[in-house]
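Have a look at the structure below, then the notes.
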Number of protein chains: 6
Amino acid sequence: MSRPSGRPVDQLRPVTLTPGFAKYAEGSCLAKFGETHVLCTASVEEKVPPFLRNTGAGWITAEYGMLPRSTHTRTEREAARGKQSGRTQEIQRLIGRSLRAICDLKALGERQIKIDCDVLQADGGTRTASITGSYVALHLALRGLVDQKLIPVLPLRDQVAAVSCGIYNGVPVLDLDYPEDSAAEADANFVLTATGRIVEIQATAEEAPFAEEQFAELLKLARKGIAELARLQRAAVGLGGL
Amino acid sequence: MSRPSGRPVDQLRPVTLTPGFAKYAEGSCLAKFGETHVLCTASVEEKVPPFLRNTGAGWITAEYGMLPRSTHTRTEREAARGKQSGRTQEIQRLIGRSLRAICDLKALGERQIKIDCDVLQADGGTRTASITGSYVALHLALRGLVDQKLIPVLPLRDQVAAVSCGIYNGVPVLDLDYPEDSAAEADANFVLTATGRIVEIQATAEEAPFAEEQFAELLKLARKGIAELARLQRAAVGLGGL
Amino acid sequence: MSRPSGRPVDQLRPVTLTPGFAKYAEGSCLAKFGETHVLCTASVEEKVPPFLRNTGAGWITAEYGMLPRSTHTRTEREAARGKQSGRTQEIQRLIGRSLRAICDLKALGERQIKIDCDVLQADGGTRTASITGSYVALHLALRGLVDQKLIPVLPLRDQVAAVSCGIYNGVPVLDLDYPEDSAAEADANFVLTATGRIVEIQATAEEAPFAEEQFAELLKLARKGIAELARLQRAAVGLGGL
Amino acid sequence: MSRPSGRPVDQLRPVTLTPGFAKYAEGSCLAKFGETHVLCTASVEEKVPPFLRNTGAGWITAEYGMLPRSTHTRTEREAARGKQSGRTQEIQRLIGRSLRAICDLKALGERQIKIDCDVLQADGGTRTASITGSYVALHLALRGLVDQKLIPVLPLRDQVAAVSCGIYNGVPVLDLDYPEDSAAEADANFVLTATGRIVEIQATAEEAPFAEEQFAELLKLARKGIAELARLQRAAVGLGGL
Amino acid sequence: MSRPSGRPVDQLRPVTLTPGFAKYAEGSCLAKFGETHVLCTASVEEKVPPFLRNTGAGWITAEYGMLPRSTHTRTEREAARGKQSGRTQEIQRLIGRSLRAICDLKALGERQIKIDCDVLQADGGTRTASITGSYVALHLALRGLVDQKLIPVLPLRDQVAAVSCGIYNGVPVLDLDYPEDSAAEADANFVLTATGRIVEIQATAEEAPFAEEQFAELLKLARKGIAELARLQRAAVGLGGL
Amino acid sequence: MSRPSGRPVDQLRPVTLTPGFAKYAEGSCLAKFGETHVLCTASVEEKVPPFLRNTGAGWITAEYGMLPRSTHTRTEREAARGKQSGRTQEIQRLIGRSLRAICDLKALGERQIKIDCDVLQADGGTRTASITGSYVALHLALRGLVDQKLIPVLPLRDQVAAVSCGIYNGVPVLDLDYPEDSAAEADANFVLTATGRIVEIQATAEEAPFAEEQFAELLKLARKGIAELARLQRAAVGLGGL
């Protein structure tokens, strides 16, 4: 079997994480996974949703969108349609949960970080690129709070990154691009920490149910990819030596 | 550790699947998982969404809703609010995908089955009860098509059922009820076929990331539960001897 | 003339009012008028709409919905459509007004009762079944407030029930079922108290205007039906001896 | 008892029906009931709603709105709010039903008349003024179709008019104005034909249920008012001699 | 060249400004520019939008709507459609800005004036008639505040009026009516003060870009028209001698 | 007077127009006016809106959006809010009109060009940057149609570009950035052709009406800026020698 891109089965696309890409945001990162480009920003707000008022705890939430012509053929603009699709809502809920899982919300204090992930160009894997880049944006925004002495230390317990894997032509492969994604028999999104723990797994049979052994293969590939992504994240936030 | 319900860790709640509960639907099932009660109906429509017209293939889609007072405290009515929540959309997309994965849509012919899952009472696990009950409703609706000689045989490749598992007080347990669900460290929804293949896995760390070994434990519990649910499904559709 | 159901012109369908059907609601009733089944719940909230704040008076409001496949052919889900139909709004306003008319809102105190009427199965007369069942749910919820000593006595001045009558094949008949309702020349919904006073009348010529004498006949039939319904309500709330 | 306006209990407010008030509509009427002013227009469209296509039958439908400052204090604009209230929907459904009840829709042919009732000034009784004025607008639009030889004769079986009555300070009175309407113990809207038949009755207890005898009084007052309104309608459409 | 109406190029349509047309509004004016009729009302509210709270300053905002049959063929009702068109929003924003530009919002005090412009009949130039009439409504409402001694003097720095001009058959003309407007090569709306200063200019090439000299011609025509409109406004508010 | 940026009054910010920035669109341009960055894409669709079907003529339409954190403080996402603001609608209507004014829609043939302008970073002048960049995107998309021999020649009659001018501290200046825009006494957007003709002018007094002489100054500055922008557009589309 050969992949459309010619990559080995366990190779990520070229990934770059550019910190500070957005001029005004408290934290930001342009995440590129090959031709998939996502601009992630983190905005700090000094108030929390109603259910957290007076609890001392903070919150992290996320929104996701695609530019209409980020895709091969134009996608309808959600603002013009008047509502976000089910897919958009699923993705933004996933991003928020993933980041909250590695943040100490008590230590964050009663403030909210709003993550925005906007897809400038889409070639598969936009949700996993969003999570991976958002971690960098979040880290930088939190460091700003430390620098301003609003919190004493970074309220992060771990790093989180994400990657998709799938079964393409019967073979498990890492980091699906669009041609693979649209033809895969199954695909799975893995959100893992740098220390190898599971934050979220979403595995879906696209055409036919698949075997547990295949799932185990996908998880193994994901571990390899996440280790590489975590290294790139550390470099992006200036902790290359970790 | 003891579960609030006193159940062993690998025991389902009492489950009943009542076929034909709804008078007018082509197929229906009232699925009860303990105090969680979901009415699942399958409606046959002799037309398909635009993207399938003139392809000869059919479609299965699902909608999900909760009665406002199915919950411990009243939940706002989505029709009054004017939109479905992200959670509702996530669930109904999951139900649709799960059923499509075991159906031969070509053999179904150019018609659509609309599944409605309405939660009459909610005590945790409404999405997994919905999938499990919907399979029965779908099976019965399809059998009606066979009986009317609209299709020659049942276009089903397998059975599909679902169950949630979670880590409660550090221990993996099967089929979370609401008190467990709201306190679990992690929870995972497994959608598997009767033959043990994976249709969908959604695993989420609620508080802190968890280890791969724990995930493996959850999957093992799910397999046991699904085997029991598949047996109950067969009985509900009158195939008890399988 | 004979009715499709074979009933005499002044006979109700078999009616059952099952109190306490919903596990979590403060008051509830499953109202069955033949094949029309409506689940009515009453939820107590310790706050009132803005226009009543600091007046000491309470409020009763209602919402109404139909399960998509409660009907002979599937009806679109209002939550998916994004708005409630004019018919739904008319019905829920009617239910609320009917219950408020027999309740002493001052004596209720500054709290709100939210009634939910969800039609599980529809065979004509869903709005009148909703009112009749909601009275039981409301009564039970209010009794709970008395039992908790939040109010000293039941703030109810009377009982309220409802029934539809219509002119079918030229003949006035009581309690239309769907086959009658869809063919009736006129139909009228009567909301009356147990003591025979008028709460609401809505009479409509479906095809051609009708005479005052016919209207008088319909009202007479309604009185007979309401007396029977009021007796069943008393039994349902445990006041059979009244 | 004396009414705020000093009118006898059975006296209408000064009513004028000005035909042809709107320059562009196929039929129109400015209906004034005292300080309540409603502009009614009838627009002819040569197509029908989907459920009537190829049936040969026509349709009449209505929309209703209030100018934001037609009321004593400003009312929110429904177009700005993004939806029509339940009250608006109730009223426009009532207007449509009332007009359809006296029209031979088969004889109208496969075309639709859209009625618009816009309240320029509101002092109670806007829905009954709307129905009374809309009849004139409809009549004129239909006469235009006859004049153009699109239909051979007026497809009207009767005239329809409407008036509200209510119990004010314990006394039944005809044609409530706003001060009466807001203080009435009960009010009822009667839609009757010129020949005295019932098209629609909506009677509501505002504060406490009322007796059948009181209802009979209200109906009697309505008959007197409707007879006068029907005479004014005939004059407005140029049939004064009838 | 001759205009469809036979008017000279620099002649307004017959304009009347009827103050006090609406019974309940604090200020009102029916503005007629030929067959274009707009009812303008000004409602005083003793609260301001959130961004002005505790600033001591007031606000003026506007809403605009057209009756469905104000137009030659019926226009869809925005309240029924569920949203205001882009055109409506553009116009109401323009009306608000135009009035705020000549009002001393500090001197108005912390209150809001809501302007409603409702088009009863449309024959071109509804937005300019709206602005011209709204000034009168605003003036009257503000005078009411002075009369009640809520503010010491009228917080108006100038008068504002508006007119459209356009290039019709190659010739610049004043005050386009609908036949001209729909065939114009360019049109421009001018909002000027009585003292000749510019509040807003919106000039648009409908078919082909136009020359600066033509624009200068349009502005010259507008000055002439505005001077006449300002005189009529003074008469309407009872300041004919100014 | 000195401008915050230190620019002379008649100097544009550094402007770059990067053609082909978006990988998938038929035409695209990243337009940078200083710190204002707008991504403009042109998508070709082989069908037209209903009002143009079977006319042989084409259409150009535009949509506009801002990334939530393109601004100094985060702006709410319109897709999450469920509707586009009045400002957004005004801008996208302006972009569409501006481009249509220089295109021969008959020669385009029965197809539609959809322009998307998405603001990645906002520092004033986003609408004028959008128009200027969209011309480049449109030009490139149309050239693609010529290259594919779908149309024989470019259906463009002229170039169009836009710039804002304003009165800042009493002095007319060219190309407002955000600090100037938010403090300007008046601002005006000019949309002109390369040959100096007027496509659209929108001039607004922000605080107080301004004099005609000032307006003339603004127009003069705009002419200078547009000439420079038109030169940059020609270079961007590879017509540098023009």
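Every residue number used here counts from 1 along the chain in the order it is shown.
Glycine is no exception: its Cβ is also placed from the backbone N, Cα and C atoms.
According to TrEMBL, the feature domain 'Exoribonuclease phosphorolytic' maps to E:11-141 (among others).
Residues or ranges marked as phosphate binding site by TrEMBL: E:Arg87, E:Gly125, E:Thr126, E:Arg127. Following the DSSP three-state reduction, the secondary structure of E:Arg127 (phosphate binding site) is helix.
Sequence annotations record features per position, and here TrEMBL assigns domain 'Exoribonuclease phosphorolytic' to E:158-225 (among others).
Cβ neighbours of E:Arg127 (phosphate binding site) (same chain, under 8 Å, six or more residues apart in sequence): E:Tyr64, E:Ile91, E:Leu94, E:Ile95, E:Ala162, E:Ser164, E:Asn189. Cβ neighbour count for E:Thr126 (phosphate binding site): 24 (other Cβ atoms within 10 Å of its Cβ, all protein chains included). Averaged across the domain 'Exoribonuclease phosphorolytic' (E:158-225), pLDDT for the predicted model comes to 95.
Among the binding-site residues E:Arg87, E:Gly125, the residue whose Cβ has the fewest other Cβ atoms within 10 Å is E:Arg87. Here the binding-site residues are E:Arg87, E:Gly125, E:Thr126, E:Arg127, and none sits under 8 angstroms from chain A, going by CB atoms.
Highlighted in sequence order, E:Ile91, E:Val119, E:Ala122, E:Gly124, E:Thr128, E:Ala129, E:Ser130 have their Cβ within 8 Å of the centre of the Cβ atoms of E:Arg87, E:Gly125, E:Thr126, E:Arg127, the residues recorded for phosphate, and are not part of that set. The phosphate-binding residues named in the record, E:Arg87, E:Gly125, E:Thr126, E:Arg127, extend over a maximum Cα to Cα distance of 13 Å. The DSSP secondary structure for E:Arg87 (phosphate binding site) is helix.
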